[in-house]
Amino acid sequence: MFARQTFRYAQPLKQSFRKYSTEAPKGKSLAPVYLTVGLAGLGVGLYRYNSATAEAPAERAKVFTGGDQGWVDLKLSEIEVLNHNTKRFRFEFEDKEAVSGLNVASALLTKFKPEGGKAVLRPYTPVSDESQPGFLDLVVKVYPNGPMSEHLHSMNVDQRLEFKGPLPKYPWEANKHQHICLIAGGTGITPMYQLARHIFKNPEDKTKVTLVYGNVSEQDILLKKELEELENTYPQRFKAFYVLDNPPKEWTGGKGYISKELLKTVLPEPKEENIKIFVCGPPGLYKAISGNKVSPKDQGELTGILKELGYSQEQVFKF
């Protein structure tokens, strides 16, 4: 069990005001005194009002509002090559002060229509912070015969893509679970990172997080810098285990595929209360670990390694 981290909060300073009484000269009107006191009181009132107004941040406009909003067209402003088959794409908002409107955990639906063909739709989870104004970032791996990933990787800066959302996945609440486990493969890390970052960003949330992340090679590990930063900042609450199918000679992490033995070692036991296991990755990972989803709204039967280890359907969520 990880030790819980204690947070201390600074108490806001309270301002105190002294009251002064002044005796008016005899035989003269008290009106100037009342006027002075009244104006002083008004000044204090305005100061307090303006201070409170300044301290309360204005709610930012949301780009995606769901419902019948329809598609939102965004311009691609930056492209960053992460490795041989993965890029980070930054799409900017028309309103540079607006935020995406996504919550945790949720995704966006993307759409493009090839010339003479049918529209292609694919969901993606942004890796940028939900409170980040002005833009959103997608991390996308290109797959052979993957029409949306191939389209994204062929895009140039200033081209545009249609988005719709948010698509709610799992309604997270602070301290909803005592311990969560994230089992990911490849770009399946994106919703896991969204969730982990949100947990550690909230000082009220004391949830412990274990990540098991499988990839082919070391260069395929996405968001490694961000994950290491979380682990270094919250060593008592966040543990990451990396597994490589084709590791270098000096690799000290897991080798091969995410195995039953590894999960039995690093995950909390099924009998522990208030735990949740999240799974996201390619079809082969779902098949081996938890079984595939039937549809976005149907989690399907729990099978695979997690079933063999004794976890229940209610303890597992498939992104």
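Just so you know, glycine gets a Cβ as well, placed from its N, Cα and C.
Keep in mind that this is a model prediction, so the values were computed, not measured.
Copied from Swiss-Prot, the annotated features are:
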{"type": "BINDING", "residues": "176-211", "note": "FAD binding site"}
{"type": "DOMAIN", "residues": "69-173", "note": "domain 'FAD-binding FR-type'"}
{"type": "TRANSMEM", "residues": "30-46", "note": "transmembrane segment"}
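Location within the structure of each feature annotated in Swiss-Prot.
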residue: LYS176; record: FAD binding site; DSSP (3 states): coil
residue: CYS181; record: FAD binding site; DSSP (3 states): strand
residue: GLY186; record: FAD binding site; DSSP (3 states): helix
residue: PRO191; record: FAD binding site; DSSP (3 states): helix
residue: ALA196; record: FAD binding site; DSSP (3 states): helix
residue: LYS201; record: FAD binding site; DSSP (3 states): helix
residue: LYS206; record: FAD binding site; DSSP (3 states): coil
residue: LEU211; record: FAD binding site; DSSP (3 states): strand
Would you count the other CB atoms within 10 A of the CB of GLY186 (FAD binding site), including those on all shown protein chains?
-> 21
Averaged over the domain 'FAD-binding FR-type' (69-173), the pLDDT of the predicted model comes to 96
Close in space, distant in sequence - ALA196 (FAD binding site), Cβ under 8 Å, 6 or more apart = LEU182, VAL209, LEU211, LEU227, LEU230, PHE238
